[in-house]
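Structure first, commentary second.
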Amino acid sequence: MTATLILLLLAQVSWAGPFQQRGLFDFMLEDEASGIGPDERAPELPDLDMLGPVCPFRCQCHLRVVQCSDLGLDKVPKDLPPDTTLLDLQNNKITEIKDGDFKNLKNLHALILVNNKISKISPGAFTPLVKLERLYLSKNHLKELPEKMPKSLQELRAHENEITKVRKSVFSGMNQMIVIELGTNPLKSSGIENGAFQGMKKLSYIRIADTNITTIPQGLPPSLTELHLDGNKITKIDASSLKGLNNLAKLGLSFNDISAVDNGSLANAPHLRELHLDNNKLIRVPGGLADHKYIQVVYLHNNNISVVGANDFCPPGYNTKKASYSGVSLFSNPVQYWEIQPSTFRCVYMRSAIQLGNYK
């Protein structure tokens with residue numbers, strides 16, 4: 001009985017037609033003469049839109065970060081994933097940013113365009129970037145800052161360009177801005193419109209170093225805590241230069257041509273803690289240091305200071321309400337250390353914090 005059943009099963013298998021496994025594109029390999037019957041439909045290709053965003057050719061995409069740096073690109077790639085939050089295009093050969101280059105990138109938070117050849121940015125190029133917080137344009141060929149930057153912007157870095165003008169209109173309504181970097185540009189004082197930075201209520205950090213400005217920009221916002229103007233051609237600090245900077249904590253004026261600091265200048269920055277005036281042309285210690293309550297670090301090395309008075313740094317009858325100095329540099333000045341009275345540094349925290357000598 002069992003043998004009979006097995007024979008019947010084998011007979012059914014031998015009578016059955018050959019099994020054909022059809023793949024997705026097998027219809028392309030069939031005999032063209034057979035065609036498609038009236039009741040048959042060709043297999044449908046998958047909808048590419050259902051597969052999600054596609055990474056631009058040669059770029060790398062991971063966790064909403066699109067990296068297209070160092071690829072020799074001469075324009076912004078097309079069809080960038082709309083969920084991109086960081087786009088890195090640095091070290092390419094892009095010459096122009098056009099309207100539509102960043103369309104649909106409403107979630108972009110950071111845009112890196114450093115070290116390209118950008119000389120032109122269309123007025124509406126950044127309009128779609130409603131959430132952009134960081135814009136890096138350094139090492140390009142821009143002559144002016146772009147118009148209509150996103151109001152959400154918090155950090156702008158555009159050093160090492162060819163910028164000669166900073167218009168007030170560029171920063172109009174930029175109430176979220178915190179950091180601005182404009183160093184190493186052929187910028188002159190006349191090129192900075194008066195009050196260009198004034199309306200930005202959260203602005204905390206400005207760096208305009210290694211340019212051709214001869215004065216401290218006017219109309220700086222009171223929110224500023226750090227101002228770096230090193231390596232310029234500033235000749236003097238007027239009584240009004242720091243007016244209104246009540247929150248300024250760090251002031252960098254190294255490597256300028258400053259020969260005088262007007263009395264009362266430092267009083268306009270009552271919370272100043274660190275002052276860099278090294279590598280200038282000062283002939284005396286700036287007035288007002290002894291009366292300054294919070295200042296702790298003063299760099300005055302490489303100047304022409306020949307005399308240091310007993311009360312230049314500390315008030316008479318030093319009281320503990322003034323913060324102690326943690327650093328005072330006077331080396332590479334004509335004044336000899338033995339000519340300075342020991343009591344001059346009575347409000348310095350440690351003697352090792354005082355740097356003298358080495359003048360040639």
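Count begins at 1; order follows the chain as displayed.
Using N, Cα and C of the backbone, Cβ positions are placed for all residues, glycine too.
The model shown is predicted, which means the values in this text are computed figures rather than measured ones.
Following the DSSP three-state reduction, the secondary structure of C61 (disulfide bond) is strand. What Swiss-Prot lists as disulfide bond is C55-C61 (among others), and the listing cites similarity to another entry.
C68 (disulfide bond) has a Cβ environment of 24 other Cβ atoms inside 10 Å. According to Swiss-Prot, the feature disulfide bond maps to C59-C68 (among others).
According to DSSP, C314 (disulfide bond) is assigned to coil rather than to any helix or strand. All chains included, 20 other C-beta atoms sit within 10 angstroms of the C-beta of C314 (disulfide bond). According to Swiss-Prot, the disulfide bond annotation covers C314-C347 (among others), on the basis of similarity to another entry.
Annotation comment: Swiss-Prot describes S34 as O-linked glycosylation site.
According to DSSP, N212 (N-linked glycosylation site) is assigned to coil rather than to any helix or strand. What Swiss-Prot records for N212 (among others) is N-linked glycosylation site.
According to Swiss-Prot, the N-linked glycosylation site annotation covers N263 (among others). Under a cutoff of 8 A between CB atoms, and with a sequence separation of 6+ in the same chain, the neighbours of N263 (N-linked glycosylation site) are A239, G287, G288.
Sequence annotations record features per position, and here Swiss-Prot assigns N-linked glycosylation site to N304 (among others) based on sequence analysis. Listed in sequence order, the residues of the same chain lying 6 or more apart from N304 (N-linked glycosylation site) and placing their CB within less than 8 Å of its CB are K281, L282, I283, N333, P334.
Annotation comment: Swiss-Prot describes 74-94 as repeat 'LRR 1'. Residues 53-57, 59, 61, 64-68, 101-102, 104-118, 136 of the same chain, all 6+ positions outside the repeat 'LRR 1' (74-94), place their C-beta atoms under 8 angstroms from a C-beta of that stretch.
Counting residue by residue with DSSP, the repeat 'LRR 2' (95-118) contains 0 helix, 5 strand, 19 coil. Under the heading repeat 'LRR 2', Swiss-Prot lists 95-118.
DSSP assignment over the repeat 'LRR 3' (119-142) gives 0 helix, 5 strand, 19 coil. The repeat 'LRR 3' annotation in Swiss-Prot covers 119-142.
Taken from Swiss-Prot, the feature repeat 'LRR 4' covers 143-163. Long-range neighbours of the repeat 'LRR 4' (143-163) within the same chain, counting only residues 6 or more positions beyond its ends whose Cβ lies under 8 Å from a Cβ of the stretch, are 97, 119, 121, 123-127, 129-137, 169-170, 173-187, 191, 202, 207.
According to Swiss-Prot, the repeat 'LRR 5' annotation covers 164-187. Within the chain, the repeat 'LRR 5' (164-187) has long-range Cβ neighbours (under 8 A, six or more residues past its boundaries) at 133, 138, 143-147, 149, 151-158, 193-213, 228, 231.
Counting only same-chain residues 6+ beyond the ends of the repeat 'LRR 6' (188-213), those with a CB under 8 A from a CB of the stretch are 154, 159, 163-168, 170-182, 219-221, 223-234, 252. The repeat 'LRR 6' annotation in Swiss-Prot covers 188-213.
Taken from Swiss-Prot, the feature repeat 'LRR 7' covers 214-234. Under 8 Å from some Cβ of the repeat 'LRR 7' (214-234) lie the Cβ atoms of residues 183, 188-189, 192, 194-208, 240-242, 244-258, 276, all in the same chain and six or more residues away from its ends.
Here the repeat 'LRR 8' (235-258) has, by DSSP, the following mix of helix, strand and coil residues: 0 helix, 5 strand, 19 coil. The annotation repeat 'LRR 8' is assigned in Swiss-Prot to 235-258.
Look at Swiss-Prot and you will find 259-282 tagged as repeat 'LRR 9'. Mean pLDDT of the predicted structure over the repeat 'LRR 9' (259-282): 96.
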Spatial neighbours of the repeat 'LRR 12' (336-360) far in sequence, C-beta under 8 Å, 6+ residues away: 301, 307-315, 318, 322, 324-330
Contact set, same chain, for the repeat 'LRR 11' (306-335): CB under 8 Å, 6 or more residues outside the stretch: 273, 278, 283-285, 289-300, 341, 343-350, 353-360
Secondary structure content, the repeat 'LRR 5' (164-187) (per DSSP, counts of residues): 4 helix, 5 strand, 15 coil
Beyond the flanks of the repeat 'LRR 8' (235-258) by 6 or more, those residues with Cβ under 8 Å of it: 209, 214-216, 218, 220, 222-229, 264-266, 268-282, 286, 299
